[in-house]
Amino acid sequence: MTALYRRYGPGLTGLILALTGFWIIFLVTLPQLDMVDYSFRPNLSMSERGGPNDVYTLQNYATLADNAIHRAIFLKTIWASALVTLTTLIVCYPIAYHLAQGTTRRQAALLMLLLLIPFWINEILRTFAWWILLAYAGPLNNMLVALGLIERPIRFLSGDGGVIVGMVYAYILFMVMPIYNAIESLDRNQIEAARDLGASPWRIHWRVVIPHAKPGIAVGCIMTFMLAAGSYAVPALLGSPGSRWFTQIIYSWFFEGGNWNQGSAYAFILLLLCIGFIFGVMRLARIGLADIAK
Amino acid sequence: MSQGVELRGVTMRFGDFAAVKGVELDIEGGEFFSFLGPSGCGKTTLLRLIAGFNDPTEGQVLIGGKDMRGIGPNGRPTAMIFQNLALFPLMKVWENIAFGLEVRGVSKAERRKRAEALLELIALPGQGDKQVSELSGGQKQRVAIARALAVEPQVLLLDEPLSALDLKLRQHMRQELREIQRRTGVTFIYITHDQGEALTMSDRVGVMSAGRLQQVADPQTIYEQPATPFVAGFVGENNRLLGRIGRVEGGAAVLDSAIGPLRGRLGGDLAVGAPAALFVRPERLGVQPASGTPGQGGHIPATIVSRAYEGAFLHLTAEAAGGTVLTVHLANSAGLPDLQPGAAVALIYRPEDAIILPAEAAA
Amino acid sequence: MIDDRFARLLTRAYLGLFFAYLFLPLAVMGAATFNESRFPTVTPWTGTTLKWFAALWADGQMWNALGTSFAVALGVICLAVPIGVAAALFLSDLHSRARSLVYGIMVSPLLTPGVIIGISTLIFWRPYGVTGGILLTVLAQASFIAAYVMLLVLARLQRFDRTLEEAALDLGATPMQAFRRVTLPFLMPAILAACLIAFLQSFENYNTTVFVRGFDTTLTVYIASKVRTGVTPALNALGLILIALTIIGAVTHELLRRRAAGRKAA
């Protein structure tokens, strides 16, 4: 703090502290704490707040345990997000490797640009594009029928399939970039040396490239899982009443059920899920927070 | 005449570590003063205390007789030349030089004029519109000097400014710095670990070690009459012989060492029996055949270990009794003796060329 | 050798498939704009038309939503960019154990699902009378966009020679002058990049916005509600325009970058 003051004098230091403080305290920390606090209180009318009924309770959490449908949706969200993460990893790893090691710098720059363009476009629009493609009377069904692969159109948009496909598409970049960065720092000679020693391509990847790319893979998985589990846009567009996502239940507690306390409890559970995943992966890959934020 | 700098019992602590310990010093106005010491001795910390980047934990820094505590670097009549020069990379050369004037609200036309005058002074006329990155190392060096001089400081602080230059340029810049100092009359406080720089440029040198000022004197005194074993060992090359004081005779003494009694000047308050060290410089040692009779002077029997011929000089290393290794520099003036490794010789010196100092606690 | 050629072929095939996967949906969406059909699709093709651009042009709600999106994005830039710069400066002068804690708090919004940021902001500000709307949306978005800004500025700051600030102070500059003349110009590229990122992030945000928007409708919210309640190819026209703008932006950026790189090399 004194270093800051020495460097920037009273005026600027004050401004720096005020802005940073406002952000950390009023935009990040307190709102989160408030949400947690909310989740442990009963849903009361304005007049009852602070009264004898305003006590801490676990009742909002009991709701999830008791409600079989919500429980199922919560578990579905977990495994579907994990599936999205795994699929995205499998789809993206070869691309990241090719960009980082398999091509010239010029070509990599061009491919990178191609990769970036879809992601400068709205997530909603990208999802809308899939909505068109996957529609019951849409081009994909028409094509499959015309090719004789299926007899009748498939309702892609009424199951979880559409949501998962849309999510993999939406989060590709969050997986490619960290893995690309990790593999790019790998000395190409190491791969050459392994090949020279007679290692098969599989073995080179398994023993040389993947261990080196582990931090990048971990970061990609963390981002993808977090985005998938917390996504509201993709399931809202590509899902249906039969394939609801946990975030949608949270939303309906807030804006349809009018029970913010209940919604807060569900949101906190979602947050804990993400934190648990993040720390689990960080431990597995032995990385720190500073690695994630690159 | 420029203002001087006084340091009154200056101590600087960072946590538990004291970088500067109780420094007491008067630097006179218009003086070229150097702090000489190995890296980590606290000299840079001291310079930053004078510049105002920190205030000392204890003691006072006075400039022109005024206590500087609480006054930041922008309020002090000092200007600093940083080790990495710290030229502003996004400004042109003349904008760099005129920056101090700009922040003082001097008009643009006036700034430009003053910058041109300073470019003249540093022998870079008309180069003001260049980018800093287009300059060579020596040119950058000079721009940094001009930038500091532009604010007409009372005291110029130089933090090893020549260390990034190559040898030849460094020697040239020494002269140039000294010349600029004479012309401007500004007090120069110069920091270096290079004794050549300190000795050639300075009016006085302060030798520092482990946060303490060991000796303050003119270059010749520092070299000829080191006040502490550290100074004797750090400034120039020196041979050290350990022992105890055997006899004290006014300004001279005899050291009882493993080699035998050795005569020298007494460089400190030493009683008979106190542990002490005798220092004698390699160029003050002569070589005699071992058979020669010991005279009144110093006489050290030794065996030549190696010789290195360097044209003007012959460098010898010799091992004396007790395993002490000594270095000898012989000038190639009146013909060199034919000395090969293994030869038994006697190293001789005049007692007034050797100095006896208290032995270092650690040594 | 055969092996190598096979591997190359496989790589090419995969690249082709991957980029088809990336662009086909966008191409279909774009193409559907020109289909006469009232429902956005390319099969069957009922006739080529430009009428959906006209329909989009005449859609007042769309223009309103676009205005709201711009207002929010502008607000986010004005709030999140100063915060992010300040936070980066604050962090770079912190050297104790506190640094990793503060850093953790600062990047935590990037690892928090957007819906939770929306919810917590909604709950926190209600007692202070800030209910759903443009202001609340700005606050919610700024809370995580500031983290992007902080990271961008911090990265640039780490390449900044701090003795330059000291040199400026030493030459008599006030801290404010040193900041304005030395630090800020150096950070400018990162700050401009941060403004762009902040704009794009704000403009495309849905997950957070949907909780804090109140009765205001941003463009993303408008698109989502259209998809669910009555979509026409006018929406495709909007998508096509945004895609075109994006590609123009990306290509321009790339060309500028190459020119800058070329100049540096020369």
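Cβ from N, Cα, C; glycine included.
TrEMBL labels come from automatic prediction, so no person has curated them.
Straight from TrEMBL, the features:
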- C:66-253: domain 'ABC transmembrane type-1' (DOMAIN)
- C:12-34: transmembrane segment (TRANSMEM)
- C:70-91: transmembrane segment (TRANSMEM)
- C:103-125: transmembrane segment (TRANSMEM)
- C:131-154: transmembrane segment (TRANSMEM)
- C:184-203: transmembrane segment (TRANSMEM)
- C:234-256: transmembrane segment (TRANSMEM)
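Between the transmembrane segment (C:184-203) and the transmembrane segment (C:70-91), the number of CB pairs under 8 angstroms, six or more residues apart, is three or more, so the stretches are in contact.
Within the same chain, residues 99, 102-103, 106, 134-135, 137-139, 141-142, 145-154, 157, 187, 191, 194-195, 198-199, 201-203, 209, 218 sit at least 6 positions outside the transmembrane segment (C:70-91) and bring their C-beta atoms closer than 8 Å to a C-beta of that stretch. Only residues 6 or more beyond the boundaries of the transmembrane segment (C:234-256), in the same chain, are considered here, and those with a CB under 8 A from a CB of the stretch are 26, 29-30, 32-33, 40, 52-53, 55-56, 59, 62, 223, 226-227. Within the chain carrying the transmembrane segment (C:12-34), a Cβ under 8 angstroms from the stretch's Cβ atoms is held by residues 40-42, 48-50, 52-53, 233, 236-237, 239-240, 243, all 6 or more beyond its ends. Residues 68, 71-72, 75-76, 79-81, 83-85, 87-89, 91-92, 106-110, 112, 114, 117-118, 121-122, 125, 187, 190-191, 193-194, 197-198, 201-202, 205, 208-209, 211-216, 218 of the same chain lie 6 or more positions beyond the ends of the transmembrane segment (C:131-154) yet place their CB under 8 Å from a CB of it.
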